[in-house]
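*Asks:* Annotation comment: TrEMBL describes A:GLU41, A:ILE431, A:HIS486 as Mg(2+) binding site. Residues or ranges marked as Ni(2+) binding site by TrEMBL: A:CYS60, A:CYS63, A:CYS480. Per TrEMBL, Fe cation binding site is recorded for A:CYS63, A:CYS483.
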Amino acid sequence: MKTLVLGPFNRVEGDLEVRLEIADGRVASARVRSPLYRGFEQILHGKEPLDALVIVPRVCGICSVSQSVAAARALADLGDVPMPRNGALATDLVLACENLADHLSHFYLFFMPDFARPVYAGEPWHPMIERRFRALTGTASRALIRARAELLQLMGTLAGKWPHSLSLQPGGSTKPLQPQERLRLITILATVRDFLEQQTFGDRLEAVVALEGERELAAWARSAPVEQGDLRRFLAVSDALGLDRLGPGPGRLMSVGSFRRARDATGAAGFRAGLWSDGQVRALDLTQVSEDLSASWMRGGEPLHPSRGVTTPDADKPGAYSWCKAPRLAGQPVEVGAVARQQIDGQPIIRDLVTRDGTNVHNRVLARLLESARLLIAMESWVRELEPGRPFCEPTELPAEGEGVGLTEAARGSLGHWLQVRHGRLLNYQIIAPTTWNFSPRDAQDTPGPLEQALVGAPVRPGEHTAIAAQHIVRSFDPCMACTVH
Amino acid sequence: MNLLWLQSGGCGGCTMSLLCAESPELLQRLDAAGIELLWHPSLSEASTDEVLELLEAILAGARGLDLLCIEGAMLRGPNGSGRFHCLAGTETPMIHWVERLAARSRYTLAIGTCAAFGGITAGGPNPTEACGLQFDGAHAGGLLGSEYRSAAGLPVINVAGCPTHPSWVTDTLSAIALGELDAGQLDALARPKMLSNQLVHHGCPRNEFYEFKASAEQPSDLGCLMEHLGCLGTQAHADCNIRLWNGNGSCTRGGYACINCTAPEFEEPGHAFQRTPHIAGIPVGLPTDMPRAWFIALASLSKAATPERLRQNAVSDHIAIAPSIQKPKGR
């Protein structure tokens, strides 16, 4: 048995260390360490509740808006604050914008460059991938960075800036869109559609979204040269390397649902909430969430529901190996992310693949791309529904005592905020971020977290220090370590 | 020049913001300034061992280091040990990596208010003992001490902001690459004066409301945000309303208060962020360089003179009264 320590892990958000025990050329067991503690839950203690809207987005520079949405919803829940239709549409739009930007950053900047590495130099597909995706110098790097900046102009118009906007309030948005600004949003989205159709998919978004299953996707891929769109390039590499056999998930998928305004208005996109386990979608019961601290550098006893959670760091705790807590649903680890959202929402291609194979590197990445196409189409319809001149925000009045829960889906998966207010101040504020679920350490039963399970069985070539297959698996989750260790 | 970028006690938002550079995009800007990325956590290919080898080569002097950019606060806890962040793949606290690398760099830059002063990470009880590279809040010192000078003879250059505007970072890097940034170009908080000799108030589209103290009362109102909604734009050193964010944006354009995020200790303003404290009806915290008596006198005069258009639009979420069209005076 040999130990391999992987870190610092780049092209993930934040710092990450992975320890692998290797036997017979395969990973026998893995421990995932979040090596940084930040203390937001302690910083929030004693603050005025609305100050959370300034502090919480700064948990994360890449999921900043998602954090704002969760905080605003927790405060709205606390004060029973209503939201006008424009406010809900604006919230959904900035959230979708962030999700889409994150998906594209992940695919082009974080995930694909690994296939351009010299370790694959002998593969027939390598020259094509290297030309396109090589970190910093590939043709896609620059094209993506430009397109991403254009997409995020939507934030400039609708939320002042990104990251770390203060526009998202319990009662809606501080930014009442004016008629000419709405037209500008339509133009921005047209630019992004052009990038997605020309570069990412090599086809109309509607044609991609209309594919009715795995076989239709395969036929679509064959219908044009492999260099027509980055989705086809990915499918070719994935097929050659068998990415669908790499990084199996725990078999339980969770989504708290997203974009509720759109569901109410048109039903066009809104992603359903639920739990996928044992081959079917079930109702999600969040009273069964608890955080286990057994392997975390945290003081505490029995696992607690986040509404009563405790965060007391203890760097000297024996047996602990991560600053990440171990959230569990009914005592079990669950996987979250785009693949969970699309599976639970019944996206036909993902439904075919995940029902048969479960989650893996291939399905996680494909789900993000398919979701990206769905997001842009939905955003176009929401912009048209905005009505300048009608209200965007209701005033917030909060009680001096109470509790609130705020849920949303960040790009990387389910995000929850639980808060308690006493005498007009925050008594407790607990956050469970997507990567806290996916990259959790072991619990009291010694059950590994989802990534720890997914790494088991991954091949490690003799003399290989960077464990390229493990890197694909880690990055397939699109981890955000900044959120994880809030 | 080469550049090494490392992250510690922060959110990564300054990197995410940097990637929003427009016209030209980030990589073209770095090319234009003649800057080569030795390693950046979000952009580079090298991972794990390859990165540690690079860091060791720099420390051994085998590889020169021109620009050391640090994002995120320096975490000295628990109890001064620095163990709240050990660099992955090592058991060494990040603060020790930074101390040793800073001793090798020609220029050391703090990217963002966390790295400059501690920032949001030092908020509340500062549970991680967070500080900046050369400041602890407003006090000189921080991790490296007030005597620290990089090989080029400069203190840590503080590109503050939460997050930083992409152009604040690239302009500072360009100035260094051109050999144009010396100690005289830095203000008392070691921020480049070209960035800090401005106020967020400059160019704010709500200035006409400000002139007449026609104030917003609720979020999404169009009026000035200073009197009621906590805006510190008249005190905050930054060019946000001239340079603009993500195309056309800024905080005040987005309808919410400037929270003075380029300043040390912005994270603890002593009042709720989105509510202006008052004493005897007068907002606490006057516009920069404004004599108090004059502010009070002018405010009461301008309130009395507020045009009906501004009075109504200030508390509306759309233009309730349009500016009247004046008749041509020529003929």
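Heads up, residue numbers simply count up from 1 along the chain you see.
Placement of Cβ uses the backbone N, Cα and C atoms for every residue, glycine included.
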*Asks:* What same-chain residues, at least 6 away in sequence, bring their CB to under 8 Å of the CB of A:HIS486 (Mg(2+) binding site)?
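*Replies:* Non-local contacts for A:HIS486 (Mg(2+) binding site): A:ARG38, A:PHE40, A:GLU41, A:VAL59, A:CYS60, A:ILE431, A:ALA433.
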*Asks:* Which of the binding-site residues A:GLU41, A:CYS60, A:CYS63, A:ILE431, A:HIS486 have a Cβ less than 8 Å from any Cβ in chain B?
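*Replies:* Listed in sequence order, the binding-site residues near chain B are A:CYS60.
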*Asks:* In whole Å, note down how far the CA of A:CYS63 (Ni(2+) binding site) lies from the CA of A:CYS483 (Fe cation binding site).
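*Replies:* Here the two Cα atoms are 8 Å apart.
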*Asks:* Quick check: with A:GLU41, A:ILE431, A:HIS486 left out, which same-chain residues have Cβ atoms within 8 Å of the centroid of the Mg(2+) site Cβ atoms?
*Replies:* A:ARG38, A:PHE40, A:LEU44, A:VAL59, A:THR311, A:TYR429, A:GLN430, A:ALA433
*Asks:* Please report the DSSP secondary structure of A:GLU41 (Mg(2+) binding site), reduced to three states.
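*Replies:* In the DSSP reduction, A:GLU41 (Mg(2+) binding site) maps to helix.
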*Asks:* Using a Cβ-Cβ cut-off under 8 angstroms and a sequence gap of six or more, which residues of the chain neighbour A:CYS63 (Ni(2+) binding site)?
*Replies:* A:GLU98, A:ASP102, A:ALA410, A:ALA411, A:ARG412, A:LEU415, A:ALA433, A:PRO434, A:CYS480, A:ALA482, A:CYS483
*Asks:* So which one is it: of the binding-site residues A:CYS60, A:ILE431, A:CYS480, A:CYS483, which has the fewest other Cβ atoms within 10 Å?
*Replies:* A:ILE431
